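Chemist: TrEMBL lists these features:
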{"type": "REGION", "residues": "52-82", "note": "region 'Disordered'"}
{"type": "COMPBIAS", "residues": "60-75", "note": "compositional bias 'Basic and acidic residues'"}
{"type": "DOMAIN", "residues": "118-246", "note": "domain 'TFIID subunit TAF5 NTD2'"}
{"type": "REGION", "residues": "293-345", "note": "region 'Disordered'"}
{"type": "COMPBIAS", "residues": "293-304", "note": "compositional bias 'Acidic residues'"}
{"type": "COMPBIAS", "residues": "316-327", "note": "compositional bias 'Basic and acidic residues'"}
{"type": "REPEAT", "residues": "375-416", "note": "repeat 'WD'"}
{"type": "REPEAT", "residues": "448-483", "note": "repeat 'WD'"}
{"type": "REPEAT", "residues": "490-521", "note": "repeat 'WD'"}
{"type": "REPEAT", "residues": "532-573", "note": "repeat 'WD'"}
{"type": "REPEAT", "residues": "574-607", "note": "repeat 'WD'"}
{"type": "REPEAT", "residues": "616-648", "note": "repeat 'WD'"}
Amino acid sequence: DRQTLVAVLQFLRRSNLRESEEILRREARLLGDDLAGNVATVATSSPGVAAVAAVPPGKGEARGDSPSSRREPREAGSPCAARSLRGSPLCWDTRVGAVVVEDQPDVSAVLSAYNQQGDPTLYEEYYSGLKHFIECSLDCHRAELSQLFYPLFVHMYLELVYNQHESEAKSFFERFHGDQECYYQDDLRVLSSLTKKEHMKGNETMLDFRTSKFVLRISRDSYQLLKRHLQEKQNNQIWNIVQEHLYIDIFDGMPRSKQQIDAMVGSLAGEAKREANKAKVFFGLLKEPEFDVPLDDEDEEGENEEGKPKKKKPKKDNVGSKSKKQDPNAPPQNRIPLPELKDSDKLDKVMNMKEAARRVRLGPECLPSICFYTFLNAYQGLTAVDITDDSSMIVGGFADSTVRVWSVTPKKLRSVKTAADLSLIDKESDDVLERIMDEKTASELKILYGHSGPVYGTSFSPDRNYLLSCSEDGTVRLWSLQTFTCLVGYKGHNYPVWDTQFSPYGYYFVSGGHDRVARLWATDHYQPLRIFAGHLADVTCTRFHPNSNYIATGSADRTIRLWDVLNGNCVRIFTGHKGPIHSLAFSPNGRFLATGATDGRVLLWDIGHGLMVGELKGHTDTIYALRFSRDGEILASGSMDNTVRLWDAVKAFEDLETDDFTTATGHINLPENSQDLLLGTYMTKSTPVVHLHFTRRNLLLAAGAYSSQ
C-alpha cells in the first residue's frame, strides 16, 4: 500500500541507498518528490513501518521483503518474487546490486511484524467470514482456497498471542483448530503450547513459520475471487497476512482438484514454488570405465566339470563394456572429482559383472526370495543396519553406543597383524594379502567402541575397507575394517546426527542431523566440503544419487530436497508427505526417487521433471527401508508394521504423463488405487523392518530386531 511504500522510500533515503530508492520508485511508478510531503504523518501511523524500522541496518534487503512484495503476492518468476530467508548463505541481488548475506533473522525483528492495530475481538469474525465465503464458493475454487485456512489460522493466532490478547487467542484456537486438516495435528499441538508472548521468542518451529513464507499454489481465477472478496469486505487484517506471510504461486489454467492438492500439500511451509524445481538436473549415470573381463581358471574348471561348452566368454566381455555410449542426461565425467579406481576395485567390478551375468531377472511373474536377518535378544536396542554391496558383512548400530560387525559368509573377520609381525612377511609372495591377516583374531563378530550415545546411522564403503557410523553424540566416525579401530571422528554437527552414507564411488560421504543441515565430507578432510542448509527441521535421512553428483535429504519438515554436490544449491524440493521422511531410494537408472515416511505412504518422484508420479499405499506404519532391485524392476519397502512389501516399479513408471502443462502447473493425476502395483506382502512374526538390500544376484535381504511387545 502507498503508506508503506512512502515509509520504505524514506528509510532508503535516510540510509543513503539512493540506487535502491530509484529502483523502487521505478518499480512503483512513483517519480519525483511528490511523496515527500506526507511522510511525517505516515511515519507515525502506518502499521507496516514498525516492521521496516525494526530491521537492523544491513538486513533491510535480506528479509526477502522487498516493498514490491508487500503490494501484491506476485507470480513466481517475476523479478521481485520474494525470496525465502533460509537458502544459500550468499545470494546476488541484481535489483540492489549488492551481495546480500542472508542470516538467521534477528528474533525481535521477525516478531515485530506482528505489531498490529487490528481489533482482537474481531479476529474470529474475520476468520469465520472468510471460512463462510470459501465454503460457499464453487467446488472448483473451494478446494484451492481451502489451502488458506491453515496458514491464516496459525498467523492470526500468533498475532493475538504476540499482542498479549491471551484470552482471545485461546478462544480463537479452540473454535477453529478442529477445522484444520488432520496432517497438521502435530504442528497444532506445538502451537497450542504457545500461549504467551515470551514463549514465542525461543520456539524454533514458530520462528520458521514466521520467516519462511508459506507457499500456496492457486489458479489465477481462484486468486482473483479471493482478492475481490477481501477488498469488498475491507478485510485488511487477512489481506495483510496474505501479503506479509504467504507466497501465492499463481498459475494459469484449470484449478486443481481436491485430490491433486491433497497429494502435494502437508509440509511445514506449504508446497514448493514451481521455480524451485526448474533447474536442470543431470540424472543420468556416469560411463563405466572399460576393461576386459578375464575368465579365471576357477570359472573354466567349474564349467568343464558341469560338462558345458565354454560359450559364456563373449557374453561376459559384453557385460564389461556395456555402457560405451554416454547417457545424454549424465553429468560430464569430470564434473566433480571422483577417486581413481584401484586394482582391487577393478577386481571387485569384475566379480560384480560375473555375478550380474547370473542375476535373476525379476518381475511380477518372478518375485525375489527374501532372506530375513532377525537380531534376537537385541536388548541394546538396534537403531541402524547396513549390508556391504557384495553381501558379505552386516553391521548394526545400537542404542548402547556400540557398533557391531558380523560376517555373513563362512569367512571370518580378521584383523591385520601387528607391525612387528608384518615386517617378517615376504612382500613379494602371491598371497601377501592373506598373509598379513592375523588368524588368531578371526571371529564372526567384531564390536567397535567409541561413540558416547546411540548410533543412528551406519554405512559401509563400496570397497569394504571402511565403515561410517553417526551418533547422538554429534560425531561421525570412520572405522577401518582392516584393523577394526576408529581412524577419524568428524565433528561438525552440534546435535545428534541421524544418518550418514558413503558415496557409491567411495571417498565422499554425507551426514544429516538435528541441526537441520546436511554436510558433505571427504574421508581425508576433517571439515565438511559443503553444508546444505534449507530444511526447516531435522534432516532425518540422506542418500547419494547413483552418479554421486547429487544428494537427496529427507526431513522432519516433511519435504525432500535434492542438492547439487558441485555448488551446494538445492535443485529440487518435493512436498506431499504428511509426516517426517525416514527412507529414500534412487532407482538404478538415476531417473526416479522413492521416499517413505511416518505417514505409511511411499511416494515416487520423477527427478528430471521435478514431479510426483506415484503413490503406493498399503503400509500402516513408518517406512524405514526402501530399495530397488539391481535392474530396477521391483521396489521393496520395509516398515514398522512388521511387513516387507514388493511393488511393480516397471508398471509404476511406465506411460508417465510429464507434458509441459503438468510440469508447469503440478496437475498430477495419480491412479486411484495402488493395489494393482503391489506384488506381495510378507509378514514377520514381530520384527519391524529397518533395512533392505538386494544382493548382486537379486536375492532380497531384510533385517530388523525382534520385539517381544
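Each residue, glycine too, has its Cβ placed from N, Cα and C.
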Chemist: If I count Cβ-Cβ pairs under 8 A between the repeat 'WD' (616-648) and each of 375-416, 490-521, 532-573, 574-607, which range comes out on top?
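Modeler: The listed stretch sharing the most Cβ pairs with the repeat 'WD' (616-648) is 574-607.
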Chemist: For the repeat 'WD' (532-573), could you work out the same-chain residues 6 or more beyond its ends whose Cβ comes under 8 Å from its Cβ atoms?
Modeler: 86-89, 205, 208, 212, 266-269, 272-273, 276-277, 279, 281-286, 330-331, 335-336, 338, 498-505, 508, 510-514, 516-520, 579-586, 588-590, 593, 595, 597, 605, 607, 610
Chemist: By a Cβ-Cβ criterion of under 8 Å, what residues six or more beyond either terminus of the repeat 'WD' (574-607) are in contact with it?
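Modeler: For the repeat 'WD' (574-607), the nonlocal Cβ contacts are 183, 186, 263-267, 270-272, 281, 283-285, 329, 537-538, 540-547, 552-556, 558-562, 613-628, 630-632, 635, 637, 639, 641, 647, 649, 652-653, 656, 658.
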